[in-house]
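Visitor: Just passing along the structure, written as structure tokens.
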Amino acid sequence: MLRNLLALRRVTQRTFSTASRRHFENKVPEKQKVFQEDNGLPVHLKGGVTDALLYRATMFLTLGGTVYALYLLTLASFPKKQD
Amino acid sequence: MTHQVHPYHMVNPSPWPLTGALSALLLTSGMIMWFHFNSSTLLLIGLLTNLLTVFQWWRDVVREGTFQGHHTPMVQKGLRYGMVLFIISEIFFFAGFFWAFYHSSLAPTHDLGGCWPPTGIIPLNPLDVPLLNTSVLLASGVSITWAHHSLMEGNRNHMIQALFITIALGLYFTILQASEYYETPFTISDGVYGSTFFMATGFHGLHVIIGTTFLLVCFFRQLNFHFTSKHHFGFEAAAWYWHFVDVVWLFLYVSIYWWGS
């Protein structure tokens, strides 16, 4: 967790450039540094805290949805009795 | 410290194949709940988890290639084979719908009036919006070629302009086609004419939207300096896909809009 925060700090420290605000600056070297850091993190979590949050949200929705789907399919398998 | 002595890419363990497969389950069972029980919650969760998966999976591919340098010439060769095989599978997908169209239209049954278009069906004028759509997609094929050459020649501004024009033409096609769908005097339930028309053109329209999205991603990657004049396979894959979409439309136009009227 702390390693992610430290990595995030490094990413947010921008070098000054002469490019005007309107144009895009080439941030690829910075990104290359972040993603090549030897911190043992897999690529899907290597970008920082946002990666972990997005991963957890995706997993939660997917697993939760699967349980919900299986519940609905079980329910649909037993038709309601007609009175 | 260990280092690899081969040119291949041993990917990190990833959760996206699992979430992708489960999202496919949610999409399909969600459609069942929507069709049969009038409930769209599961379908929406399926769409959301699918979007999250593809976004993060392809984000990781960009990280692995552009930021980590894993896309060696060998790896790129594999990616090229992969894209070609995928497009071939899509060709077979559309072949099915064209088969269905020709099956019904070459020997129209007596309940259709023994003619094509069937009795009572007013087809769209092929020289109207459909012809405009054809010119829009053909022009977009020219502009994307201009974008590619600009990229290979290192002309950043021209590449951005040409890609922007390509995306704009793709959006224009989608808007035109959507308005055509609104204006047709026939619906999908108007016999086999309606079924074949909307299944073939509908899936084509979906592929135009997918292709436009792919081009948009390339646009933002180009703005962010991801592509070099020698290494830009993501863009090439998008361009191949876009040409494929264009060719499918040409077949649709000639077969369904023109011959089929």
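Even glycines carry a Cβ here, placed using N, Cα and C.
Heads up, TrEMBL stuff is auto-annotated, nobody curated it.
In case it helps, TrEMBL gives these features for our protein:
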DOMAIN    B:4-261  domain 'Heme-copper oxidase subunit III family profile'
TRANSMEM  B:16-35  transmembrane segment
TRANSMEM  B:41-58  transmembrane segment
TRANSMEM  B:79-102  transmembrane segment
TRANSMEM  B:159-177  transmembrane segment
TRANSMEM  B:197-220  transmembrane segment
TRANSMEM  B:240-260  transmembrane segment
Visitor: Which stretch, B:16-35, B:79-102, B:159-177, B:197-220, B:240-260, tops the Cβ pairs under 8 Å count with the transmembrane segment (B:41-58)?
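Guide: Comparing B:16-35, B:79-102, B:159-177, B:197-220, B:240-260 against the transmembrane segment (B:41-58), the winner is B:16-35.
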Visitor: Given the transmembrane segment (B:240-260), which of the listed stretches B:16-35, B:79-102, B:159-177, B:197-220 has the most Cβ pairs that are under 8 Å apart from it?
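Guide: Most Cβ pairs under 8 Å with the transmembrane segment (B:240-260) come from B:197-220.
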Visitor: How does the model score the domain 'Heme-copper oxidase subunit III family profile' (B:4-261) in terms of mean pLDDT?
Guide: 97
